[in-house]
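Trainee: Reproduced below are the annotations present in TrEMBL:
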- 1-22: signal peptide (SIGNAL)
- 81-502: domain 'Peptidase A1' (DOMAIN)
- 99: active site (ACT_SITE)
- 112-118: disulfide bond (DISULFID)
- 277-281: disulfide bond (DISULFID)
- 286: active site (ACT_SITE)
- 311-351: domain 'Saposin B-type' (DOMAIN)
- 375-416: domain 'Saposin B-type' (DOMAIN)
C-alpha cells in the first residue's frame, strides 16, 4: 500500500511563488524552494491528514535585473512545486500551481461549504476586496486528477511584484477530488493558451503582456531536482535567467496552440529502441505534470527495460497465449499492422477507425453505445502486442523468444493508475532514455527519471514514466512533465510561438 500512498502524493505538482521585487532588467523572477517528503508524510497525505510544516514562509530576493519578475517556487519531493499569489485589495494570499497544461486561474471561494477540500485551504472573500467586480457566470474545469466548479469573478491578481488588473478567475465552490484535499496548493494558475481556457477567459499571462507588465513575451522555468537544496527553482516572467542553464537553447515551434505542444521525432533507450515515434509524434510540455506520460505500448517496454513492476494484465497474457502465434504469422505474411487485430477478431472496424483502439480516458455518457470494457482491454492488448512483435521482427528474433518476451512485457504493464515501482538498488544498471526534439537529443539518466524518497533505512522508488493513451487524431501523445523540465531549463516563447530547452544547472 505504500506505493499507492506514494503515487497519491506524487501525482500532485504544486508551484508556489514568493513576493519578489522587480529587478532592473525587465524580468520578474520567482525563486523556487524544495522540500523533502518522508513516507509518513505520504501516508498522511493519502489519508488527507496534512501534518508537518507547510513551508509557508516567503523568501524575499532582490536582483539587479529590473525587468524580470522572478517567483520563488517550493519543491515538495520533486513532485510538488508550489508558491504564492495574492488576489484582491487588500491582498488575500493563496498558493497555486503554475500550470502550462491549463489556462484558467481558480482559487477556493468563501462560498465553498460542502467540499472537504475547502476545509483545508484559505478561501477568497470577495466582500473584503474593494477592487472586486461581480460576474457570477457558472463554470467547471476538468483536470486529469479531478474537477472543480464555481463561478467567475474579477479582481486584481498579484504575481511576484506584478499586479494584473481586472483579471477574471473562478471562485471554486466545489472541488471534487482527493487531490485537492491533500495537495499543498489552494488553486491553479494556468499558463496555457486561451484556446483551451474554460469560458474563453483571458489567461493571467495574456493580461501581463497586454498590460505591458513584461518586457518580452517569454516566461521560463528552472526546476531544481536536488531535494535537499534550499532553492527549489525559479519561474521567470519576461525572459530567462542565464545562470540556470548552460549552452544554447534548442527551440522548436508550437505545432498546435492550446497546450504548449511540440513535435517529438523519436525516443529510444540506450540499450534498444522501442519502435515508437519513428514517424514523429506530439509532446505537450506541462509544468503541471510531475512525471513523464506516454502511450501504454511504449511505457510498458521502458518500464520492463528498467526493471519496473506494474500490475499483471491477465487480458494481455491471454491474448499472447491465444493469439500470439496468429499475430506473428499475419505480420510475417505482410498484413498491415493496423489490420491485424481486426483480422483475428479482437477489434472491429466502425467505419472511421478501430473500435476500442485506445484506452478510454474520459467516462462517456451512460446512454452512449460502446463496446464492453473487456472488449476494450482485449483490443488494446492486441494492438500493443502488434507493436511489440513488429519491433522484435526488426531485430530478427525467433518466434519462441518473442512470445516469451511478450509475456514479460505483460507483467510490466502499469497498474490502473499508471504507476510502476522499482528497486532503488538497481539505478546503476538502468539505461538512459533519449528524446529527439528538433535537431537535438535530450537524454535522461536513471537518476533523473526515477523519483526516490527515504525514511531511515526504507527507500521507495517510482518510475518517472506513466501510461497515458490519447487517441488519434490528437494522439499518440507524450507529456513532458517535471521529470523532463527538471533536467532541461525550459523557455516558453509566447511572442514567437516556440519552446526552448537547454541543460539545466
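In case you wondered, yes, glycine gets a Cβ from its N, Cα and C as well.
Quick one: how deep are these features, and who are their neighbours?
Mentor: As a whole-number mean, the pLDDT of the domain 'Peptidase A1' (81-502) in this prediction is 84.
The number of other CB atoms found within 10 A of the CB of residue 99 (active site), across every protein chain shown, is 23.
With a cut-off of 8 Å between CB atoms and residues at least 6 apart in sequence, the same chain places 264, 265, 266, 267, 298, 476, 478 near residue 277 (disulfide bond), listed in sequence order.
Cβ neighbours of residue 286 (active site) (same chain, under 8 Å, six or more residues apart in sequence): 99, 100, 101, 259, 260, 479, 480, 481.
In terms of DSSP helix, strand and coil, the domain 'Saposin B-type' (311-351) has 26 helix, 1 strand, 14 coil.
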Trainee: Cβ distance under 8 Å to residue 112 (disulfide bond), same chain, sequence separation 6 or more: which residues?
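Mentor: Spatial neighbours, sequence-distant, of residue 112 (disulfide bond): 118, 123, 150, 171, 172, 173, 174, 175.
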Trainee: With every protein chain in view, how many other Cβ atoms are within 10 Å of the Cβ of residue 281 (disulfide bond)?
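Mentor: Around the Cβ of residue 281 (disulfide bond), 20 other Cβ atoms lie within 10 Å.
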